[in-house]
Amino acid sequence: MEHLPQTRKHHGDFLFIEEDHYVSPDLIHHWKLMKLAQKDLKESDTAIDILTMGNYEFNVQQKSIDNMQTEMTKLNLTNWFSSKHNMAFTIDRSLWSRIKSCQFAFCTFDDYNWDWSLQHTIDECLKRKLRTLVTVVPRVFHTGTCGGLHHKQKHCDENSETNKLKKFLAQNQEYQFIDQVRIEKHFGQYRKGIKNNGGWNDRRDHQLCQQYQLPFLQIFHQNEHFYPLLKNDFLSEN
């Protein structure tokens with residue numbers, strides 16, 4: 001955030017989107033409504049750390065919801081937990097700075113999952129629960145069921161997965177771009193003391209991870225293999 005020209009001076013939210021995520025047309029509109037809700041909650045002494053635009057518990061193939069118009073407006077206020085709320089979440093620079101100050105806890109936790117390492121960091125370094133607003137009907141959907149470590153489907157068509165999402169959004173187009181949201185409190189059980197899954201115990205990886213906080217150009221100047229990239233305006237400090 002600090003070293004890329006595109007993000008260096010940005011002081012608003014950062015939305016984490018992965019390559020196998022599919023966004024709805026009203027994503028930004030809905031995010032703005034969630035920001036207003038976050039502001040209202042803060043004024044009533046309820047701090048929200050993270051906004052979550054995805055929801056693994058929602059299935060576009062489930063039986064039709066009787067009142068989709070109402071469901072589209074719902075937000076759950078709950079404790080943030082990595083495996084449930086790692087899809088399309090936003091953080092601001094203040095939270096990022098707190099996480100970055102805990103880089104040792106993050107970089108040295110022996111787990112190959114970045115989100116599990118983040119949960120460990122929150123538990124052991126930040127040492128307080130983070131609260132999130134989660135949209136009940138997601139504005140970002142996961143299309144990665146056709147591959148990856150956690151999905152073992154033998155017969156899977158990526159185009160079919162995408163078409164299901166397009167169909168769902170088209171069928172509920174009239175309920176997008178809503179005027180207001182409604183908050184429901186749901187503080188689920190908070191798990192602490194998570195178990196690591198391994199796969200991240202090489203000290204060289206730990207050291208490299210901790211170097212990412214250094215200025216971009218400092219890292220690049222330390223390794224001659226990066227010299228050709230220094231000529232790229234993308235890495236300019238200006």
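Note that Cβ sites are derived from N, Cα and C of the backbone, with glycine treated the same way.
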- Task: With reference to TrEMBL, specify which of the listed residues CYS107, CYS125 is paired with CYS102 by a disulfide.
- Result: CYS125
- Message: Tell me which of CYS156, CYS209 TrEMBL records as disulfide-bonded to CYS107.
- Response: CYS209
- Item | Three-class DSSP secondary structure - CYS209 (disulfide bond) | helix
- Message: Among all protein chains shown, how many Cβ atoms are found within 10 Å of the Cβ of CYS102 (disulfide bond), not counting that one?
- Response: 17
- Message: With Cβ-Cβ distance below 8 Å and at least 6 positions apart along the chain, what are the contacts of HIS142 (Mn(2+) binding site)? List them in sequence order.
- Response: ASP20, HIS21, TYR22, GLY54, TYR56, MET87
- Task: Please compare the disulfide-bonded residues CYS107, CYS125, CYS156, CYS209 by how many other CB atoms fall within 10 Å of each one's CB, and tell me which has the fewest.
- Result: CYS156
- Query: Other than its own, how many Cβ atoms are within 10 Å of the Cβ belonging to ASP20 (Mn(2+) binding site)?
  - Reply: 15
